[in-house]
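*Asks:* Just lifted these from TrEMBL, have a look:
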BINDING   A:32-39, A:149-152, A:VAL178, A:186-189  ATP binding site
ACT_SITE  A:HIS39  active site, proton donor
BINDING   A:GLN63  beta-alanine binding site
BINDING   A:GLN63, A:GLN155  (R)-pantoate binding site
2 protein chains.
Amino acid sequence: MALPVVRTVSHLRDAVRRWRRKNRKIALVPTMGGLHEGHLSLVRLARKNADRVIVSIFVNPTQFGPDEDFENYPRDEHGDNRLLSKAGADLVYAPSILEMYPNDFATRVEVAELTQCLCGTSRPHFFAGVTTVVTKLFLQSLPDIAVFGEKDYQQLLVIRQLVKDLNFPIEIIGGPIVREADGLAMSSRNAYLSEADRATAPQLYKVLSDMAEDLGAGRDVESTLAMGANRLRGAGFRIDYLDVRTDDTLIPLEGQVVDSARIFAAVWLGETRLIDNVPIHLIDDPVV
Amino acid sequence: MALPVVRTVSHLRDAVRRWRRKNRKIALVPTMGGLHEGHLSLVRLARKNADRVIVSIFVNPTQFGPDEDFENYPRDEHGDNRLLSKAGADLVYAPSILEMYPNDFATRVEVAELTQCLCGTSRPHFFAGVTTVVTKLFLQSLPDIAVFGEKDYQQLLVIRQLVKDLNFPIEIIGGPIVREADGLAMSSRNAYLSEADRATAPQLYKVLSDMAEDLGAGRDVESTLAMGANRLRGAGFRIDYLDVRTDDTLIPLEGQVVDSARIFAAVWLGETRLIDNVPIHLIDDPVV
C-alpha cells in the first residue's frame, strides 16, 4: 500500500498535530531519496525509537556545488515510496524546491567548527546547505527524534553540534553504515558506477579496514596513511582525502592512535565520488 | 511580589511544559533588560495575545562590536523584575552567558537580505548576533507568539524574515514605539545621555516628524533628506544614517514617495547612539 505523501509545510503540520494529540512519539528521517537498504535501516531504527516515522525526500539544491550532480541525483519517488512502506514509515514529506526556498529566501545556518575539514574542504557549500535545510526540516516537523546515518559521519557530528548549539528539543540518533556483501558502503551514488568501477569500489572498504586493524595494533598514523594511499591509488582511486581523526572533534592524529578515532576517506572513481569511514578498535579495547 | 526567575534551558522548559499541558498560549518577549515603558508596553501586548508571558533578559555579547557598550549596558535585574511583575509577565528567563554559549559553541544564523543597510552597515556583527540568539531563545521556549518593538524596526523585519525562512511555528507581533512626553523614543541607552544631550535628544523625533510630514505632502526625498540632515547637525547630532526606505523591503527611495515607507535614522550625541524611525503618511492616505 502506498504511503501518504504531503508536499507542504502546512499539510505536514496537520499530520504532526494529529499525532501529537494522541501523544505519539515522532521521528524524522531526512533523506534525498534514491533510497537503499542504508536508508531503510535508518527508518527501522526510527521505528524502534518512536511511534510514527516521517521520511522527508528532498534533493536539496543548496548543498550541491555548481559542478556537482544535483541534476542527475537519482530520483524515483514511486520506488522510494514502496520501499518506505515496507520498512515501516508512516508518512513521506516531499516538498517542492519553492516550498522550501521561496524567492525571497535569505537565511543561512552555519556550524563553524567541524566543517572546515574533510568534506567541508572538498565541498565548501555542502555543510551550510545541510545545516540550513535540516534546521528547516526540524522546525517544519518538530520531531522528538531524528535519525542520520554514520556513512555521513562528519555530517552526523555537525548535526549534533547544530542541535546542541541552537537548543533543538530533538534527540539525534546515528545509524551504523550498511554495506553490500562485498563491503562497499551503500550510497545512492553507487548507481553512477560503471561495471568496472563497481568491481573496484569494494577495495575502498578493504583498504580502510586493513588500515584500521594496523592502527589498532599500534602502527603509526603516518606510515599507515602512506600505505593506504598507495594501495588505493594502485587500485585506481583518486584520493580526495584520507585522514585519521578523533571521532568526536575530528582532530587529525599523529603517531600511535590512543584516542577514540576513525579513518575518513573520500575518493573518486571516474566521475563518482565515494565516501566511507571505519572506526579504529585499539587492541586493548573489546572489539565490537 | 517578585516574579519567578529561571536561569537554565531545562528549568525554562519545565515551566513551558506545565503550561502546555494546560493548553496555555505562550508569549515570549526577548529583552536585554534595562527595562523601560517601551518594553512594558510589549509585555502588555503579549499579555493581550497570550495566556502566559515569558520575558527573557539576556545582554547578548555577540550582538555588540568590540568597541561597543556591552560592559556598560544597563543591568538591574531587581528593578526589571518589579516592573515586569506589575506589567503582567509570568516568568523571567535570565540565562548566564555560559548557558547560552558553552565553550564549544560554533553555530551562526544569518539573514542575508535586509541586514546589509542601516544598522547592518554601522554595526556589522549586530544582526547575526541577534538572529542567532533569537533562534536559540525561540527553540528554548517554543512560544506561540513573540513580541518585538518597532523602535528596532529593521530588527523586526529581519526577525520576520528569519521566522518565515526557517519555518518557526511562531507568530511575530510588532509593538509601536513608546515615546517620552517630549517625543524621545524610549531606549535603555537614553540613560547614557548627559543632561545637555538629554535636552537635545527630542530634536531627533521633531526633525523626523517634520520630514515625514513634508514627504507625505509630496516633497522629494533628496531635498527633504538634505533639510533634515542640516537641522540634525545644527542641533548637535552626528549622523550615522538618515534614509527614506520602503517599510517592508528597506529599498531606498528617490523623488516623491509613493510606496509605504519610513524614515530611518541613527545619530550620535556624544558617546551615545540613538535610533528612531517614523512612518510617512501620504496625504491621500487616511492619517492614523
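Backbone N, Cα and C atoms are what each Cβ position is placed from, and that goes for glycine too.
Bear in mind that TrEMBL entries carry predicted annotations, made automatically and left uncurated.
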*Asks:* Between A:GLN155 ((R)-pantoate binding site) and A:GLY38 (ATP binding site), how far is it from one CA atom to the other, in Å?
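*Replies:* That comes out at 15 Å between the alpha carbons.
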*Asks:* Quick one: Cα separation, A:LEU35 (ATP binding site) versus A:GLN63 (beta-alanine binding site), in Å?
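*Replies:* Approximately 18 Å lies between the Cα of A:LEU35 (ATP binding site) and that of A:GLN63 (beta-alanine binding site).
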*Asks:* To the nearest whole angstrom, what is the C-alpha distance linking A:VAL178 (ATP binding site) and the residue listed as 'beta-alanine binding site'?
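*Replies:* A:VAL178 (ATP binding site) to the residue listed as 'beta-alanine binding site', Cα-Cα distance: 23 Å.
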*Asks:* Provide the number of Cβ atoms within 10 Å of the Cβ of A:GLN63 (beta-alanine binding site), excluding the reference atom itself.
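*Replies:* By my count, 21.
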*Asks:* How many neighbouring Cβ atoms, not counting its own, are there within 10 Å of the Cβ of A:GLN155 ((R)-pantoate binding site)?
*Replies:* 24
*Asks:* Using CB atoms and a 10 A radius, I'd like the single residue among the binding-site residues A:LEU35, A:VAL178 with the highest neighbour count.
*Replies:* A:LEU35
*Asks:* Is it possible to get the count of other C-beta atoms within 10 angstroms of the C-beta of the residue listed as 'active site, proton donor'?
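*Replies:* Other Cβ atoms found within 10 Å: 28.
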*Asks:* Using Cβ-Cβ distances, find the residues under 8 Å from A:MET32 (ATP binding site) that belong to the same chain and are at least 6 apart in sequence, listing them in sequence order.
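*Replies:* Long-range Cβ contacts: A:ILE57, A:PHE58, A:VAL59, A:ASN60, A:TYR73, A:SER188.
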*Asks:* Run through the Cβ atoms and count how many others sit within 10 Å of the one on A:GLY38 (ATP binding site).
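*Replies:* Its Cβ has 21 other Cβ atoms within 10 Å.
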*Asks:* Reported as an integer number of Å, what is the Cα distance between A:GLY38 (ATP binding site) and the residue listed as 'beta-alanine binding site'?
*Replies:* 20
*Asks:* Can you grab the distance from the residue listed as 'beta-alanine binding site' over to A:GLU150 (ATP binding site)? Cα atoms, rounded to a whole Å.
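*Replies:* Here the two Cα atoms are 18 Å apart.
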